[in-house]
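Enquirer: Below you will find the structure I want to go over with you.
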């Protein structure tokens, strides 16, 4: 790529960086194949399949974002090499998980080049965070009132078994928080859609407080899934950011 330095590394050959891709809630690794294919061969891409997703789709079993991140990191760690720099990208809920996993990578001594967050509100700025304290029955009652459904319908055990995991996942996402002292040393680069009401500029700006490194925010035209129509530009930003950090090793 233009502007890459040849004298910032020592003579030994470094392993190409790995970019871990964290899908949105309900998304799968397969959904991000077009995204991954936009990159050049200079960056290895690994799309994360969340543990526990039934038949490879739907929301994973989720009691808390940090809990799922811990499980994901435990799965990733045996295959991750300490001498291979990593970067992480996450969209929406995937951004929360990417941040938590990045914290774990840094704590374990891995070199994290950068964290890329897309349409993901910062901890403490997530919509509907009041849902964190809701019980299962209160969540069901909220759905009944919001949809006009007869509350008696939710007494059906088969229906409850089917819908409650999703509601618990929504509750966990809405209630995600993280101690303010938990920060990364790598840069955080953020991206939003101009018409996204789920994660706004005001919701994402506080991510700058979660790194001791650089921070940037870029706005693309579009809504919460703006990336579908802006893949080449988004991927270019991510690849350039990753390789620039790689060149500084």
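Even glycines carry a Cβ here, placed using N, Cα and C.
Pasting the relevant annotations from Swiss-Prot:
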- 92: active site (ACT_SITE)
- 196: active site (ACT_SITE)
- 224: active site (ACT_SITE)
Enquirer: Specify the count of other C-beta atoms within 10 Å of the C-beta of residue 92 (active site).
Expert: 24
Enquirer: Expressed to the nearest Å, what is the distance separating residue 224 (active site) and residue 92 (active site) at their Cα atoms?
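Expert: Approximately 8 Å lies between the Cα of residue 224 (active site) and that of residue 92 (active site).
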Enquirer: Determine the minimum-neighbour residue: among 196, 224, listed as active-site residues, which Cβ has the fewest other Cβ atoms within 10 angstroms?
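Expert: If we count Cβ atoms within 10 Å for the active-site residues 196, 224, the smallest count is at 224.
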Enquirer: Could you round the CA separation between residue 196 (active site) and residue 92 (active site) to a whole angstrom and send it over?
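Expert: For residue 196 (active site) versus residue 92 (active site), the Cα atoms are 11 Å apart.
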